[in-house]
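Listed in TrEMBL:
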- 50-55, 183-189, 208-212, 277-280, Ala351: GTP binding site (BINDING)
- Ser54, Thr189: Mg(2+) binding site (BINDING)
Amino acid sequence: MGCLGNSKTEDQRIDEKAQREANKKIEKQLQKERQAYKATHRLLLLGAGESGKSTIVKQMRILHVNGFNAEEKKQKIQDIRKNVKDAIVTIVSAMSTLIPPVPLANPENQFRIEYIKSIAPLSDFDYPQEFFDHAKKLWDDEGVKACFERSNEYQLIDCAQYFLDRIDSVRQSDYTPTDQDLLRCRVLTSGIFETRFQVDKVNFHMFDVGGQRDERRKWIQCFNDVTAIIFVVASSSYNMVIREDNNTNRLREALDLFRSIWNNRWLRTISVILFLNKQDMLAEKVLAGKSKIEDYFPEYARYTIPNEATPEPGEDPRVTRAKFFIRDEFLRISTASGDGRHYCYPHFTCAVDTENIRRVFNDCRDIIQRMHLRQYELL
């Protein structure tokens, strides 16, 4: 006699079959996602504030994600004009606070300074032509230029000169920012931004995290499953202090930060690609001769260039010595506790130079690929 209690209806069998097929589909999709995740190179951009991390991300967009569309460029106009305002406000405000103070070359421009100071606190500002007239006249004043030359004594955005030199373009009603304008534009990074791109069918996810001190607690969220860290340094900041306390030397802050990342127990197996950035500004400062590295880093007086150092064609020996000294300060940290589980790969970069970043990133791809294979124990 058959066990009728165990028999299944035709409908039940159809349902179960459909369920099995659905489960198979889900499992297949999950497997596909796991493979895609494993095949993705995750790069974490770290470094102190204003080192150029966000500019590197913008370069990846220009090089590998079709750049910026017309709408995105339009949205940046206000940020660029704000850079002009912040720059001229900062410079003219510093003229009276520096010791010794810096006078105007043309005292008749004093009323322009009063105007600039009066609009300084306005956050909702519509940038009338009157503003650009005053900013341009002040920027042409030799006293204002002299104050700009002392910008290491106060906090000034890097793009100040770039945009103040371009006031006539930026003020136009039909102004459209160029790629270089977008690269130079300074907006404080707060939070974590992810950029996805593909190079030769290889997927990259790049995470940009704010570099100011109060942003760094967010970094730990990004450490999970990172292929490599790209640590970005403002090489030209050897004579500057950080915004947060107006006291700590920026380059020393970067060295301390690098040391804490290099020795972090959670990161002992993650190698670091070191971008010694702002090489153009470093060269400018060294050749100007006003701020000597040995005044901030006394050990520079005893430094000799290592034999393996290869200068760029036509590079001034003073620039070569300066950039390799800064490189070696970081390498001293990475070699002091080298346990063979992670390595430091230094590169000299200029984040606003698209060709330089294209070349450097191409050089880094083999390193990143090796790190990725090691990450999943395929090497």
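In case you wondered, yes, glycine gets a Cβ from its N, Cα and C as well.
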Integer Cα-Cα distance in angstrom, Gly210 (GTP binding site) to Ser54 (Mg(2+) binding site): 9
Among Ser54, Thr189, Asn277, which are binding-site residues, the residue with the most C-beta atoms within 10 angstroms of its C-beta: Asn277
Helix, strand or coil at Asn277 (GTP binding site) [DSSP, three-state]: strand
Rounded distance in angstrom between the Cα atoms of Thr189 (GTP binding site) and Ser54 (Mg(2+) binding site): 7
Neighbour count (Cβ, 10 Å) for Asp280 (GTP binding site): 16
All-chain count of other Cβ atoms within 10 Å of Leu183 (GTP binding site): 22
Cβ neighbour count (within 10 Å, all chains shown) around Gly210 (GTP binding site): 19
Other CB atoms, at most 10 A from the CB of Glu50 (GTP binding site): 23
Distance [Cα-Cα, Å, rounded] between Asp280 (GTP binding site) and Ser54 (Mg(2+) binding site): 17
Residue with minimal Cβ packing [other Cβ atoms within 10 Å] among the binding-site residues Lys53, Arg186: Arg186
Inter-residue Cα distance where the pair is Ser54 (Mg(2+) binding site) and Leu183 (GTP binding site), in Å: 9
